[in-house]
Amino acid sequence: MEEEGEPVVNISDVEQFPQESPSENGVMLVVNHSNIQPPFSVVLATLLYCAEFVCAAVLCNMYHKSDDDTWMGLTITFMLVPAVLTQLALTFIHRDLGRDRPLVLFLHLLLLGPLIRCFEALMVYFKAGKKEEPYVTISRKIKLKKDQGTPMEWEIGHSERKLATHRNAFKRTAVIQAFLGSTPQLTLQLYATIQEKYLLPIRMTLMIICLISVTYGALVCSVLAINIRYDDYKVRLRPAAYLCMILWRVLEIATRVTSLVLFSTALTYWVIPVGLGNLLFFFLLPWVEFWARRASLPDNVEKNFSKLGTTVVLSLVTFLYACINIFCWSAVQLDLGHRDLIEKKQRWGRLAAYYGGRFLENGALITLWYFHKSDFYEYVCAPLLVAQLLICYSLAVLFMLLFYQFCHPCRRLFRHNVHDCLACVCCCICCRRGGGREGQGQPNSYSTTATMVLVPLEQPELQPPDLTRQLVERETAIIEDIMEAA
């Protein structure tokens, strides 16, 4: 047994803690090894992986029978590339190359790694709690409740630690599967449907599975960003937060994919520079910031890696980061010089710039499609479709704002929230329209209100008034008045 000051694993599925006892330093100690939640995230990621792989294989067979070699080749590419990367990620995270596990490695070669990993996680879950086991580490977190933070400690047992490793591994693979496989697969099949002017049932099934996979991958990105940014706090999202995030991500991704596909049907070859421009911009942005800071490469990516190996790994991470940002907000900003590779400071300005720029880009793509659309859309109300896409993306932004304002698990820690920023913008607009009204001595003017809104949380304590001094000054004034009257 060992006790550490920093949490080794992030146990986020343990919700109820019946045994609590205060320790000597005032920290609440939680002891409960039997209440382990089922690994739902592992099962869901495995089901999505298998369903998408099987549907893509069946669709490739149909393309082969109809001699659609182009669609078949692209479908196979978007099916095999993420599958191979998933096997490599699982092997790298579990460190199986240095262990004697030939059966597991053989199943990974057959692209069946997620199945055996899911089976191992279920076996650990069903065996947990049958016999008492000592804890291997202690996780220290701050639990937020009613604007108060309570320091707590959790004893992490062997079973909990193994399940946490499986959950963390499948969260990473879900993101890889979503944005390196499901997103291009969804875009390809939607484009093929429009070009061929008919909808196959198996193709429709594959597109639905891909949309679910991409939405789940985006949710994982948002939750991982919260867990990394607020690592000292116990994070638990409520059902309303998940519902808000699902609506936000579904509308955002569906609108983005539809805009790209419509644009590609009208201007086929121009979609290539648009995609490559987005990819290069988001790929080079973290490296430019890294060089501007004159930082050095982190040493904790892998102990046995050289500088070349570390650079290759960071390049792959940056490539995945760029692929995510092409279709939706990644919720994190890379800091290649930091040990966690993630910038923990929330940049509201970059968030606003991303959604503002993406809204303008989607509007430009849809507008170009409107003026260059083919005769296939003559029975489609094009202006209505354009309005629907813009409204859907606006609704995605609205649900995002609602999440950060009301449903974010750590919103009480925000220095400024969405309401403050919107109030500040409205106040600045009103001040510009009002001209010089601020200097007319009006109480609670817009400028004063904006200043009050943006006051930091760490305000200095106000000193209590000196009542004795005020009483003496008042009596002196009264005496002077009497002397003058006499």
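Cβ coordinates come from backbone N, Cα and C, glycine included.
A TrEMBL annotation is a machine prediction, not a hand-curated record.
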The annotated transmembrane segment range in TrEMBL, which must be one of 247-267, 352-372: 352-372
Distant-in-sequence neighbours of the transmembrane segment (308-332), which means Cβ under 8 A and at least six residues beyond its ends: 175-176, 179-180, 183, 214, 218, 221-222, 224-225, 228-229, 249, 252-253, 256-257, 275, 278-283, 286-287, 297-298, 301-302, 341-343, 351, 354-355, 400
Within-chain partners of the transmembrane segment (40-59) [C-beta distance under 8 Å, separation at least 6 from its ends]: 13, 75-76, 78-79, 83, 86, 111, 114-115, 117-118, 121-122, 166-167, 170-171, 173-174, 177, 181-182, 185, 189, 200, 202-203, 205-206, 209-210, 212-213, 216
Beyond the flanks of the transmembrane segment (270-288) by 6 or more, those residues with Cβ under 8 Å of it: 260, 263-264, 318-319, 321-323, 325-326, 333-336, 365
